[in-house]
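The block underneath contains the structure these notes are about, expressed in structure tokens.
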Amino acid sequence: MVFLLTALHLSTFLLREMYQIADIFEDHFAIVLFLWSLFLIPSVAVPFMSTRIARDGLLAFNVEHMKVAQVIVQVSRLLRARQTLRTLRFVAEMKIHLRENVRRNNEQVMLNVEEKPQVPLPQAPRRRSSIIPIDATATFKAARRRSSTHLDPLVTAGVLRSIQQTPLPLPVASKATFEPPLSPLAAYLTPRKQRGDAYRREMERREIHTIFCLFDVDGSVCYSQ
């Protein structure tokens, strides 16, 4: 339609307007040339601009050019890099969470140990000349028979001390050890898988660097958000 209207305008100018302008301004040839150029500008500019607009429209609404392998590869890389950034953020938050939990547990254990009463250390038993074990009950009965009316307080205290069971020291909770989580790529079955994982990590590093360069507009190697 645009080309038909342009052709109609050009034919009208060539067959009618051109001779009328020449008859009206026959004494001023410069004015005639100027008017002719003004009438010819639409006939030249409209086809050129229409061709350019049609080409851009075809490229914009063409779906086939979106199926190029390079475009798909770039989109997949961006998606994997975005997923990698989310994974790294999750790992960092999990490490901070685990460290806070370990520190809080250590502080609680130390506080519980300080609040508990200190247990006296058991005295080392004296060596006996005989290897036969001495029955504390028999010793107490013999001392009672020796003094039927009055018990020796020293002997009684020694017997009671031997009868009573020495309380065992409370076990002190061992200090909790914290190990950072290992990467799922830490264990390799074959050297080929190890090389493949190294290649994959290098590709992810390059993709993350590419995305970071998009944020780092001013070149300060940092971004606020």
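All residue numbers here begin at 1 and follow the chain in the order shown.
From the backbone N, Cα and C atoms, a Cβ is placed for every residue, glycine too.
In Swiss-Prot, the annotation motif 'RxLR' applies to 77-80, one of the ranges 53-56, 77-80, 153-156.
Each residue of the motif 'RxLR' (77-80) gets a DSSP state, and the totals for helix, strand and coil are 4 helix, 0 strand, 0 coil.
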